[in-house]
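Below you will find the structure I want to go over with you.
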Amino acid sequence: MALRFPRFSQGLAQDPTTRRIWFGIATAHDFESHDDITEERLYQNIFASHFGQLAIIFLWTSGNLFHVAWQGNFESWVQDPLHVRPIAHAIWDPHFGQPAVEAFTRGGALGPVNIAYSGVYQWWYTIGLRTNEDLYTGALFLLFISAIFLIAGWLHLQPKWKPSVSWFKNAESRLNHHLSGLFGVSSLAWTGHLVHVAIPGSRGEYVRWNNFLDVLPHPQGLGPLFTGQWNLYAQNPDSGSHLFGTSQGAGTAILTLLGGFHPQTQSLWLTDIAHHHLAIAFIFLVAGHMYRTNFGIGHSMKDLLDAHIPPGGRLGRGHKGLYDTINNSLHFQLGLALASLGVITSLVAQHMYSLPAYAFIAQDFTTQAALYTHHQYIAGFIMTGAFAHGAIFFIRDYNPEQNEDNVLARMLDHKEAIISHLSWASLFLGFHTLGLYVHNDVMLAFGTPEKQILIEPIFAQWIQSAHGKTSYGFDVLLSSTSGPAFNAGRSIWLPGWLNAVNENSNSLFLTIGPGDFLVHHAIALGLHTTTLILVKGALDARGSKLMPDKKDFGYSFPCDGPGRGGTCDISAWDAFYLAVFWMLNTIGWVTFYWHWKHITLWQGNVSQFNESSTYLMGWLRDYLWLNSSQLINGYNPFGMNSLSVWAWMFLFGHLVWAIGFMFLISWRGYWQELIETLAWAHERTPLANLIRWRDKPVALSIVQARLVGLAHFSVGYIFTYAAFLIASTSGKFG
């Protein structure tokens, strides 16, 4: 009996129904709830699993490098990055038949291949890789690192190498290691790579292990560093006529503040990027040494937090008690980490297209669209996760006595005001935005487009003007040619910035109008509503007006009838579940907006977006329907083409998405009856009744069925949009 799944819970292992399997899967990673768990084992298991996670990441990236080196066309792409389509890997068995083989043979390949829309070619090219041998070397190196991490993970589970709980709770040493050791040193190392390998590579100089000690990255070597003449490293930058990867028009500078973009590659100057990483390294190396570790100097985190009490006395006890609360709660720490990582991931999406760092990636439109959408979806899932673990913190780890009148307690005291304000903002945004869209829609339908309500986003335009955009005629700050800031910007700092802002060949400070104003507020509605649901879920996790006693019911209690006033949809889990739908909805609006605006920019018909985005039918007809034409083609006399796989995925994504509703809109009793009927029929059917099972089949619980429904909804939604995005963009631009 002891060997039945799940081994971590004897109670579940003895459950006679299929609930054993589902609950086992659901709680496999909830280490806190496992039998015989101690705080020490909990921390050690999580620590060891981090090494496994890193090993998988390095193995995966190694696989990317290996497959491109083996089956890709990196070397021919390097010769002509704008016209050769980068190959991700070969397709072993293209479906169906000879037409498929022909459709997928592209990018100069001899057989069927997949095109890469991940941007790895541009990244590898920018950082100095040039040959397949370079890629193989990188793949082997990462494979080696992966093995090291696997060994390290195993090692830290051995009795002699297991760290103690006190080691895990030593916050200052961890800050020292993470800030200085990981962020600081890795940023410094990356600066070194850019200066010693990537920048010479961009100037046609091939630096590798055999010659990197002989090639001076800068003609004056380390002289300017030791004599304090650091400005010499910025002199003689690459010229505007520089051809990337060659010495033609190249300079000698290694650390610059040029601003703007390299005219040929449309990406940030590599010397600016190196300078940025050096600054980051300096900041983090200093930051990591501000806290008191073994030497008795520096700040104590506990003292810092306890001293953070707002003067005047009307705002409570500030951060008092937070140190122990955070340091003893893994859920709080995970919540903070996820919130930070989620914001950073969304910022990556925003900056990868507006300030592209990799050579020629800005001209690879499908890759730009794929990377933006990918990072926004990832950010959404990570950010909702932050609130989920925040709610679990309140249920499992929050101690009211320890946090009396501090910022956490005051958040709970004021939760009604917080929730009602968020609710008001969401209602205001929703009704006004929808009202404008619907009004405009009706005006178009009745043939009186001039009666639309069109609002110019003057505040946003003013902000863009303040940063140097001249087309609105605001004549303020950096867009005012007579101002001191403008004149300083021509010479002292970032001289390329103003050119970049006012050029139409990039996505920096796009011109905005009434369509942008409306969709901006639609997105604001989505963000505020998602936040409302998540914040309410976390703040009401321990107890709410309807049910003040939630603590002992945990995170995901199900509907429990009318007792205690009814518990349907009031667990923290239910709030998270509802918020994910709103998150997906919001990111849908964000990506629709980004994609449609960029498609019209890239095609040179931006007036289509401007005119059609102010009413609902415009979005449905001129964005969704018009761009899905290649995906809803069905069978035609011309046979298949290279977009057929996306057409199939578009259909399949809709199917998966629709299956979600089968779990979301049905009652548990219906499933239980269906299961009983099927089991009864099975047991009375010859041959079939030879197969028996030990577990009595029972329907999923309400919470489980919602999870299965949500998973299908999310996966189907993303599959559908991914197929639409890649097919509609690559169909137009290759």
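Each residue, glycine too, has its Cβ placed from N, Cα and C.
A quick note: this is a predicted structure, and the numbers were derived from the prediction, not measured.
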Would you mind telling me which of 175-199, 675-699 Swiss-Prot tags as transmembrane segment?
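Residues 175-199 are the ones Swiss-Prot records as transmembrane segment.
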Near the transmembrane segment (517-535), which residues from the same chain, at least 6 beyond its ends, have a CB less than 8 A from one of its CBs?
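Beyond its ends, the transmembrane segment (517-535) has Cβ neighbours at 384, 387, 418-419, 422-423, 425-426, 429-430, 432-433, 436-437, 455-457, 460, 575-576, 578-579, 582-583, 585-586, 589-590, 592-593, 613-614.
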Near the transmembrane segment (175-199), which same-chain residues lie under 8 Å Cβ to Cβ, leaving out any that are not at least 6 residues past its ends?
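Sequence-distant neighbours of the transmembrane segment (175-199): 126-128, 207, 212, 215, 217-218, 254-255, 270-271, 273-274, 277-278, 280-281, 284-285, 287-289, 291, 293, 301.
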Determine which residues of the chain contact the transmembrane segment (575-596) at the Cβ level, with the cut-off under 8 Å and only residues 6 or more beyond its ends counted.
353, 369, 372-373, 376-377, 380-381, 383-384, 387-388, 391, 516, 519, 522-523, 526-527, 529-530, 533-534, 536-538, 540, 569, 609, 613, 619, 623-624, 627, 706-707, 710, 713-714, 717, 721, 725, 728-729
Using Cβ atoms and a strict cutoff of less than 8 Å, what residues sit near the transmembrane segment (707-727) while being 6 or more residues removed from its termini?
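Residues 26, 117, 366, 369-370, 373, 377, 577, 580-581, 584, 588, 591, 595, 627-628, 630-631, 643, 646-647, 649-650, 652-664, 700.
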Looking only at C-alpha atoms, tell me how far TRP671 (phylloquinone binding site) is from MET662 (chlorophyll a B3 binding site), rounded to the nearest Å.
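Cα-Cα distance, TRP671 (phylloquinone binding site) to MET662 (chlorophyll a B3 binding site): 11 Å.
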Which residues of the chain, 6 or more past the ends of the transmembrane segment (273-291), have a CB below 8 A from one of its CBs?
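Same-chain residues near the transmembrane segment (273-291) but 6 or more away: 171-172, 175-181, 183-185, 187-188, 190-191, 194-195, 198-199, 254-257, 298-301, 357.
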Given the binding-site residues HIS654, MET662, TYR670, which one's Cα is the least distant from that of CYS559 ([4Fe-4S] cluster binding site)?
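Closest candidate to CYS559 ([4Fe-4S] cluster binding site), judged by Cα separation, is TYR670.
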Residue list, the transmembrane segment (417-439) vs rest of chain: Cβ under 8 Å, 6 or more residues beyond ends.
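Same-chain contacts beyond the ends: 411, 452-453, 455, 518, 521-522, 524-525, 528-529, 531-532, 535-536, 539, 614-616.
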